[in-house]
Amino acid sequence: MKFILLGAPGAGKGTQAQFLTKEFNIPQISTGDMLRAAIKAQTPMGKMAKEFMDAGKLVTDEIIIGLVKDRIAEPDCANGFLLDGFPRTVPQADALKAAGVEIDAVIEIDVPDSEIVNRMAGRRVHPASGRTYHITYNPPKVDDKDNETGDDLIQREDDKAEVVLDRLKVYHEQTAPLIGYYKAEAEKNDQLKYIQVDGTQPIDTVEKSILSALK
């Protein structure tokens, strides 16, 4: 199966990506990881990407599409793949289609903004170990202290409410239009499923909803 996962930052895409990659034995293809790997391996696409990044510019869609095409041609993508963080915009989705990359299902994890702010603003992290907590859903035994070490927990800058709201604004401007784009594509194309799941449900309920919709 070839998937695209859509949803705002904090909607739970990471959790569902882990589930889907395991369930279908497919790799999760993150554009960030691909870029880093291509630059490290000094592939032609990687060298081009590095030039843009060194100049402080965004890497072009053409380069990202080239990286995606190279990556999905690798043997571990024989059963399919899950695209993570791409496409982010309608022009990128058009470019992906024009490049002949076929997708079986687009899964949208739908969570209201207010819930996302609540989820992310409640996160606390133990910097040394990476252990994460949530003041409502997974609180530490002692407020603001790590369970194992008793060290202070911190709130990451990008989990602060005002930062989360800024990220949601960018998501609604750039990425949310993909929802309409892929819904329209699925109506025209019997091979493409568009699945919208209520991401406020418990994790295992979200997983079951996705699997039943894929049948």
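Keep in mind that glycine also has a Cβ here, set from the backbone N, Cα and C atoms.
Pulled from Swiss-Prot:
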BINDING   Gly10, Ala11, Gly12, Lys13, Gly14, Thr15, Arg123, Thr132, Tyr133, Gln201  ATP binding site
REGION    30-59  region 'NMP'
BINDING   Thr31, Arg36, Lys57, Leu58, Val59, Gly85, Phe86, Pro87, Arg88, Gln92, Arg156, Arg167  AMP binding site
REGION    122-159  region 'LID'
Task: Max CA-CA distance, Å, over listed AMP-binding residues Thr31, Arg36, Lys57, Leu58, Val59, Gly85, Phe86, Pro87, Arg88, Gln92, Arg156, Arg167 - done: 30
TODO: Please state how far apart, in Å and to a whole number, the two most distant Cα atoms are among Gly10, Ala11, Gly12, Lys13, Gly14, Thr15, Arg123, Thr132, Tyr133, Gln201, the recorded ATP-binding residues.
DONE: 20
- [ ] State which of the following binding-site residues has the fewest other Cβ atoms within 10 Å around its Cβ: Gly10, Gly14, Lys57, Tyr133.
- [x] Lys57
Task: Candidate with the highest Cβ count within 10 Å, taken from the binding-site residues Arg88, Arg123, Arg156 - done: Arg123
- [ ] Only counting partners 6 or more residues apart, tell me which same-chain residues put their Cβ under 8 Å from the Cβ of Phe86 (AMP binding site).
- [x] Ile29, Thr31, Ile64, Val68, Gln92, Leu96
Task: Assigned element (helix, strand, coil) containing Gly14 (ATP binding site), judged by DSSP - done: helix
Open item on the list: Same chain only, sequence gap of 6 or more: which residues have a CB within under 8 Å of the CB of Val59 (AMP binding site)?
Closed with: Leu35, Ala49, Phe52, Met53
